[in-house]
There are 2 protein chains.
Amino acid sequence: MTSSPAPSGSHHNFYADYVIQYSYADADPSNASDELELLLRKLWEVGLQAEVRPGEDSNLLVFVRASRNKSLQRAIYQSRIRDWLHGVRSSEPEDESSAEPQTESERLRIINHMITLPRDLGGAGITPKHGHWKNVIAVFPLHDEEKNKEYLTDWSKKTFLSEEDLDQIRDKFGESVGFYFAFLQSYFRFLLFPAAFGFSSWLLLGSFSIIYTIVNCLWGIIFIEYWKRQEEDLSCRWQTKGVSIVRIKRREFKPEREVQDQITGETRGVFPTTTRLQRQLLQVPFALVSTVALGAIIATCFAIEIFISEVYTGPLKSYLCFIPTILLSALIPTMSGVLVSVATKLNDYENYETQTAYDTALTQKVFVINFITSYLPIFLTAFVYIPFASLIVPHLDVFHLTVRPFVSKEEATTHDNFSIDPDRLRKQVIYFTVTAQVVGFATETILPFVKQRFARQYKEYKKKKTGRTNTGLEDDSHNTPKSSYDDHEDEVQFLTRVRKEADRDDYNVTDDLREMCIQFGYLALFSPVWPLVPVSFLVNNWIELRSDFFKIIIECKRPSPIRADTIGPWLDTLGFLSWVGSITSAALVYMFNTSTDGGPNGEPSAIKGWALLLAIFFSEHLYLIVRYVVHTTMSKFMPHNVRREKTEQYMIRKRYLESTLGARSSDEEEEVTEKDQSMEISDITRKTLEDDARAWTKHDTDPEERFWMRQKGWRESAQVAHSIIKSQADEEGKKEQ
Amino acid sequence: MTSSPAPSGSHHNFYADYVIQYSYADADPSNASDELELLLRKLWEVGLQAEVRPGEDSNLLVFVRASRNKSLQRAIYQSRIRDWLHGVRSSEPEDESSAEPQTESERLRIINHMITLPRDLGGAGITPKHGHWKNVIAVFPLHDEEKNKEYLTDWSKKTFLSEEDLDQIRDKFGESVGFYFAFLQSYFRFLLFPAAFGFSSWLLLGSFSIIYTIVNCLWGIIFIEYWKRQEEDLSCRWQTKGVSIVRIKRREFKPEREVQDQITGETRGVFPTTTRLQRQLLQVPFALVSTVALGAIIATCFAIEIFISEVYTGPLKSYLCFIPTILLSALIPTMSGVLVSVATKLNDYENYETQTAYDTALTQKVFVINFITSYLPIFLTAFVYIPFASLIVPHLDVFHLTVRPFVSKEEATTHDNFSIDPDRLRKQVIYFTVTAQVVGFATETILPFVKQRFARQYKEYKKKKTGRTNTGLEDDSHNTPKSSYDDHEDEVQFLTRVRKEADRDDYNVTDDLREMCIQFGYLALFSPVWPLVPVSFLVNNWIELRSDFFKIIIECKRPSPIRADTIGPWLDTLGFLSWVGSITSAALVYMFNTSTDGGPNGEPSAIKGWALLLAIFFSEHLYLIVRYVVHTTMSKFMPHNVRREKTEQYMIRKRYLESTLGARSSDEEEEVTEKDQSMEISDITRKTLEDDARAWTKHDTDPEERFWMRQKGWRESAQVAHSIIKSQADEEGKKEQ
């Protein structure tokens, strides 16, 4: 039982690989003790060492360490065998005894599997927050604080992350987080061009420039195709290509019936696809309800806003104009929250078999909500308010009636000389692409940090009140705080830190990816309105990358490494947004471009339906053609790591084939010489002819077999051929004479 | 050297697997003899038996037979190993000595490889019509006449081919021909519905019905998605899934430079992708030139036709109206031929590495030409002539001037009261979907058959004149014809047949597939004009399937089996045509539907641009959404054979995993008991605590290691956990008191 060498640099984590957080607050003490005993026994059975320490708030912290090298090696070997059988690895893994985790994330992933996988797959079957283990509230690895700080200071000094930096993120937090940072990095790098181009066109061409729009669309196509290549490249570099095939059933999956497979003879739970499809039909009413509910809120607030800011001239206007903003900020998050919870219920009801399928389906549903809340306001302004304002605004009379008491008679007719605010669209785009991004950053990063601080201070305060003393208030100062838990003095500092980490939130990479995709949407859909959009995003994303890393290391538990070979459904979302962008951009440019003579120049009355539709038709199809061309062109170039993997596969095949071909040619050689000798003897002589005749009578008189016996060996055939050719030549010679 | 058992039912082929046709007409007799000697030697070296017989017209026929069982087995084994390494087979092939061809087509394919593959891949390197072997004009297997006749009579009696029939086609002619017939069969079966629906709507709804159009588009989507599934299913059934990966370099590929691979150390010919892309840019001018050249011819003939039939009223009208038809039939094939040869040159210049890539690229180029010649005439009528006739026809005056001498003064003004022929569109569609199909059938099947007969009779006649006698005129009568070649009397009949087969054309499956795709195009693009289109195609395709089979077995050499897992680039073509169909159908229905009140009812002047474009916009996007939904829905259902293959793969994985897991659990068991005993001893006693203390002092005083030594074994941890929980419970109990 030798203890395995811990990965370098994690000494200050006391060699602990994982911490299991167990809450006995809601459990009967004796039950809790039994459960813990079972937990510890199970961990020990799969070969993990455990130590128990008290945690905060009726929590126990079970420190887990893969000390038995053999068990870990076996788990690694099994995981690799599984990968190989599913085609994720191209070569058969080496012997079990030489299996070592290649990266920290592989080690952590394997240990996580050892803890959470069911017994028949070789794990301890501990499922946090689920089933028997509902009191296990978290299973998480510990942050590598030194390295984290090092990275953060390092990155704050440079503009681009190098490939090695991404590798380090992947080593620490796993591939799925690695892919997010790689995407963010690629996106940031790609933004440099539209930012520079956008800035120049803002100076030289103004808004709604045709050139800027074309360049922007083209940039979107190239970026998405580039990212697809990049994804493939990274998945080869990180050896996770095709990893989504190796899927484990969701624990929440409820089979409709048990079916015995005729071939394998196994009984397995089956959920019919047709039933799931029927359930998925509920997505249609869901999408409609979401659109109507959110659309109604947004449109109403929008109408009120227009009414107040542009029609209403009564008293309190400066205060009233906050009403729509307040309404929006109150109603939209509430409604979104309700809809997201409905979406989650729907998704649970659809009963997916694997986590990947579940996540993809949920992402798609939530995207509908995001799409409406993010882009509908601008859509309303651009395609409803501006073209149809003169038709719609008079109907805001409905409100007029309610507001009438405050409005003087003369002012009641203002809507007749109402004029459209042409700057509203730009203001709105600026709001969504600058203000909202800053607000988002604050609510996402700063607010939780402040909240955490306060929560901690409040806790300390409460503890102090209950008579305990704890100097842990000085969070980041490295003097050893005295423990309130009778901790051994060596461990006080470590345990204090672990207790804090246990208190943090889980990190969710999907939310961060969503944010980036929605951001990309503004760029694809509306950036012709204000060409500085990419500049704003460029600045934002430089900060975003660092702040997201900060969020992971300071505000969240360290995520368990999850393998991935893609950013998942978001890739399709990007493609979809870019496509819709080709439509909206064309429409915007046609309607608001002021440089062309024929166009409406932003005059709503001058918009011609057929011209608008023709512009959209051409733009969209041009987009599709260009996308096809870019896609086929880029698919011809193989990324570096893909090529390397292909070559490796080729080498494996070649070695294998050579071993069979090599055996062949040596065999062949022998045979040839042997035959050649027999050949020499069998030159046509009277004797052989007689032999032939005898052989024929001996044989059955099968004419088919006789056909093959007329010429003995290739030399005789060649002689026959020669004689045929010669006779023909002779004949021709005769004719010519 | 035992002779392998020949596949059943091919006795009348004298066990011959392949016939190599060698022409010594252009060669020097001694050179020819040398070449033949080399040929025979090479064949013998790879383990093939050969017999030489004279052929017609200075040809030699080399009969080839895989008589050495061992060589064939080795070739089969090697091919299977290669498949396995490339992932085409899911299981490692069994031992070499038990390798038997599973089907006739596998046997023939392997023997073909033995003949044609280069030496380093284990073949004889005989490359027909290429390089050193330019006098080898064909390598072909012999038809299995009995079976062929059996199938033909069998199929003429039934409506649908069964899966077994398709399997038999595949066994005889290989997967690529099998896929064509499977496609034709699926297409025919699917046509039943639109034929029935089209017939009813022709009776009840008339032309340009919205309902018919929607159903037709939906049918197209479902058919294409169904075929994709079907293709996957068949490729699993025929075990060719992913076979396009196992590709062999084209012999015509010219590398730009030799590069030594850094990893493999091999030198291989490289042709840079960028150079190829640059060359591919020539496709753009090619497409433009094709469009302009063919478009000009078609438009001109069209203009002449309209002028003569609708404007011109002078003498000889009944004769003159044939001019455009004659011009078209003369010019279009000539121009197409020129363009196809240009396309082939372009394709050669693009220098593809594999045959698949080459074929795909050529197919795409030729499709551009096909698209224009097939659909442009109808496009012109529907979207140029009918809407704009009143604008364009007056400009046909250009011709008027030249025709003036024949036209009397009064009639010169007829174009003023010119009226559009509303029936022209329907007539044209009927022409292309009925007449042209019949004409195509005649030129494709009947004409070559008649031509072949005449050519043969002419040959016999010539031979008779040169003094030889041959009674082979009675082609299908089975009396033994006397030979003119001193054939052995057993072989006369066989050799006469083989000589005839050697004289036939090669079969090209691409042409037949193209015909079907173009036909599908008429259905997708224009069938709302005349809802009987699918009825016509249904009838046509019943005959087509049989006549194509007839063509293969009577008019062509038996094709060498080629593996395939798809119908190739034609699948994309179908998708493209169906998409374009959603646009044209919407436009046609909007323009010509007479039932709606708002529409133009076929009145050109009433067509509103914005309404037309809006109809197209909605139709196209509805199409795309429906296609997405149908695609995702159908992808949820796994075809039968795919499921079976997945299960087999699963079983292989399971067996492998179990073998490692099994080893594991038995190991584990031992370990557990062993540990358990040590556990019992290590219950906390004063002694063990003392031991611990001693162990610590012995150990280095690493606090990290000490952390893990405080609790010995899981039982002690459980006790600690219990005490923590208990103390907390006690405390809470105290507080509550």
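Numbering starts at 1 and runs along the chain as it is shown here.
Positions of Cβ are set from backbone N, Cα and C atoms, glycine also.
The shown structure was predicted, so the numbers you read here are calculated from the model rather than taken from an experiment.
The feature domain 'Anoctamin alpha-beta plait' is assigned by TrEMBL to B:16-136.
Annotated domain 'Anoctamin transmembrane' per TrEMBL: B:169-648, in sequence order.
Under the heading region 'Disordered', TrEMBL lists B:465-486.
Residues or ranges marked as transmembrane segment in TrEMBL: B:177-197 (among others).
Look at TrEMBL and you will find B:203-227 (among others) tagged as transmembrane segment. Note on the transmembrane segment (B:203-227): residues 183, 186-187, 190, 193-194, 197, 426, 520, 523-524, 527-531, 571, 574-575, 578, 581-582, 585-586, 588-589, 592-595, 619, 623, 626-627, 630-631, 634 of its chain, located 6 or more positions outside it, place their CB under 8 angstroms from a CB of the stretch.
The transmembrane segment annotation in TrEMBL covers B:286-308 (among others). With a cut-off of 8 Å between Cβ atoms, the residues of this chain six or more beyond the transmembrane segment (B:286-308) that come close are 317, 320-321, 323-325, 327-328, 331-332, 335-336, 339, 342-343, 346, 365, 368-369, 372-373, 376-377, 380-381, 385, 389, 393, 396, 399-400, 403.
Residues or ranges marked as transmembrane segment in TrEMBL: B:320-346 (among others).
Marked as transmembrane segment by TrEMBL: B:367-388 (among others). Within the chain, the transmembrane segment (B:367-388) has long-range Cβ neighbours (under 8 A, six or more residues past its boundaries) at 286-287, 290-291, 294-295, 298-299, 302, 306, 332, 336, 339-340, 343, 420, 422, 424-425, 428-429, 432, 514, 518, 521-522, 525-526, 529, 569, 573, 584, 587-588, 591, 602, 604, 607.
Tertiary neighbourhood of the transmembrane segment (B:429-450): same-chain residues 374, 377-378, 505, 515, 519, 522, 526-527, 529-530, 533, 536-537, 540, 543-544, 547-548, 550-551, 554-555, selected by CB-CB distance under 8 Å and a gap of 6+ residues from either end. Look at TrEMBL and you will find B:429-450 (among others) tagged as transmembrane segment.
Residues or ranges marked as transmembrane segment by TrEMBL: B:567-590 (among others).
The annotation transmembrane segment is assigned in TrEMBL to B:610-630 (among others).
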Contact set, same chain, for the transmembrane segment (B:567-590): CB under 8 Å, 6 or more residues outside the stretch: 179-180, 183, 208-210, 213, 216-217, 220-221, 224, 227-228, 231, 356, 359-360, 363-364, 367, 379, 382-383, 513-514, 516-517, 520-521, 523-526, 528-529, 599-600, 607, 611-612, 615-616, 618-620, 622-624
Beyond the flanks of the transmembrane segment (B:320-346) by 6 or more, those residues with Cβ under 8 Å of it: 279, 282-283, 286, 289-290, 293-294, 297-298, 300-302, 304-305, 308-309, 312, 362, 365-366, 369, 373
Secondary structure tally of the domain 'Anoctamin alpha-beta plait' (B:16-136) (DSSP, helix then strand then coil): 56 helix, 21 strand, 44 coil
Per-region confidence, the domain 'Anoctamin alpha-beta plait' (B:16-136) (mean pLDDT, whole number): 85
